[in-house]
Amino acid sequence: MSEGAGTFRMVPEEEQELRAQLERLTTKDHGPVFGPCSQLPRHTLQKAKDELNEKEETREEAVRELQELVQAEAASGQELAVAVAERVQGKDSAFFLRFIRARKFHVGRAYELLRGYVNFRLQYPELFDSLSPEAVRCTVEAGYPGVLSTRDKYGRVVMLFNIENWDSEEITFDEILQAYCVILEKLLENEETQINGFCIIENFKGFTMQQAAGLRPSDLRKMVDMLQDSFPARFKAIHFIYQPWYFTTTYNVVKPFLKSKLLQRVFVHGEDLSSFYQEFDEDILPSDFGGTLPKYDGKAVAEQLFGPRDQTENTAF
């Protein structure tokens, strides 16, 4: 946890001022996407208080309660509960705090999310065998997925996926999901990201019928499982742009797997990006995602995530 998190008390007048500031934020009001958060912005602390029920005086207590709940549940001998306790052994307070924030400081729900986090790894071991930054680096360099180096005006991390040039014989669906898993773990080390969350932009321009036919329902279910109750991440929105008419067939396969909360956060724009631009400023988006910046550069982002190639740590998650 960063040293700057919650180191002062605010009077109501200050809180009202910060709430007003939250209504008029720009991308410049937020910290970097990559690397740790050295100090949370004051307006982000207020957001955590208002949206996540976070208070400085109860933060440590909530972490302790979750740690105790993990051990109490494991004592029952239930298989998944034991696996959870084994998985979190040696984890610091910052690790537990991610789950508590993701469930708005409700310790019981945070524990259920922790169970989901461990269960996802048990359910899909093929995604986590020998998983490391080096193992997914080539996939990230190819842009599957991408990450904007600037937060959006709401402070969210923006993840990108451009399906047009994706060849499933060169990069498999599982390899893409592995890259997502590594990136999420890495970016969730940042407290600002824990509070503000993520959004995803999926560019389906050039999506072919052959690609659509190659997407198995089991793969799509695996992707949805990753987004729902398997990471201590707040997924705030998923935006689809430039999708062809037959995208509906693929989407209809996915929809039954989506819980109502996530389904309400899916936006399908097509060619009309007017509402899309109300959410995202063009000057933070690459040209291949409807913006004014140069085309997305996956190699540059991989270096920001993992460092130069010769310094990449081969540390399994």
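Using the three backbone atoms N, Cα and C, a Cβ is placed for every residue, glycine included.
As annotated by Swiss-Prot, N-acetylserine applies to S2, with the evidence given as experimental evidence.
The feature domain 'CRAL-TRIO' is assigned by Swiss-Prot to 136-297, with sequence analysis given as support. Model confidence over the domain 'CRAL-TRIO' (136-297) is summarised by a mean pLDDT of 95.
Look at Swiss-Prot and you will find Y180, E202 tagged as 11-cis-retinal binding site, backed by similarity to another entry. Under a cutoff of 8 A between CB atoms, and with a sequence separation of 6+ in the same chain, the neighbours of E202 (11-cis-retinal binding site) are F161, I163, I238, H239, F240, I241. Secondary structure at E202 (11-cis-retinal binding site), as computed by DSSP, is strand.
Around Y180 (11-cis-retinal binding site), the C-beta neighbours below 8 angstroms that are at least 6 residues distant in the chain are P145, M159, M226.
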